[in-house]
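The following features are taken from Swiss-Prot:
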type: ACT_SITE; residues: Tyr24; note: active site, proton acceptor
type: ACT_SITE; residues: His102; note: active site, proton donor
type: BINDING; residues: Asn76, His82, Asp89, Val103, Ser104, Arg113; note: substrate binding site
type: SITE; residues: Arg19; note: site 'Transition state stabilizer'
Amino acid sequence: MAQTIYVLNGPNLNLLGTREPEIYGRATLADVEKLCAETAAGFGLVAVCRQSNHEGQLIDWIHQARSEKVAGLVINAGGYTHTSIALHDALVGVQIPTVEVHVSNVFAREDFRHHSFIAKAAFASLCGFGIDGYRLAITGLAAKLGASATA
């Protein structure tokens, strides 16, 4: 049976493709989810993609990942990246390998975006690669899990 990973997207990521396309590009959340599913499958993994604008829902999914023995997490916490100690604590608490990803280069933007509570709970962080960052995140997560690319 294939290992499962969760790809969690936070607030406003449902607006990808229409929200500030000069920063986030024109790809939609559906495009991200398709990319994640295809990339994960290439390593024999199954990606379960979820998005919520609510911090508590994201925390519930992180907790669920532990109870369902999910192998790894990719998270784009959106604006909660810079504010949510609760998300940090949830990630630390479940002890599941996690990669943080952001579509834009948060360090080339406003100062308040330069701090991440998520990064301290993740083994890797990626930003500025557009939606390709998700492919890179899953590739790195697969390597951490010992999953090899399938033919």
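Backbone N, Cα and C atoms are what each Cβ position is placed from, and that goes for glycine too.
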Of Asn76, Asp89, Ser104, which is closest to Tyr24 (active site, proton acceptor) if I measure between C-alpha atoms? They're all binding-site residues. Ser104
Reading the DSSP string in three states, the entry for Val103 (substrate binding site) is coil
Using all protein chains shown, find which of the binding-site residues Asn76, Ser104 scores highest when you count other CB atoms within 10 A of its CB. Asn76
Return the residues near Arg19 (site 'Transition state stabilizer') by Cβ distance under 8 Å, restricted to its own chain and a separation of at least 6 in sequence. Asn12
Compared by Cα position, which of the binding-site residues Asn76, His82, Asp89 is the closest one to His102 (active site, proton donor)? Asn76
Tell me the Cβ neighbour count for His82 (substrate binding site), meaning other Cβ atoms within 10 Å of its Cβ, over all protein chains shown. 16
If you draw a 10 Å sphere around the Cβ of Val103 (substrate binding site), how many other Cβ atoms fall inside it, taking every protein chain shown into account? 24
Which of the listed recorded positions (Tyr24, Asp89, His102) has the least company, meaning the fewest other Cβ atoms within 10 Å of its Cβ? Asp89
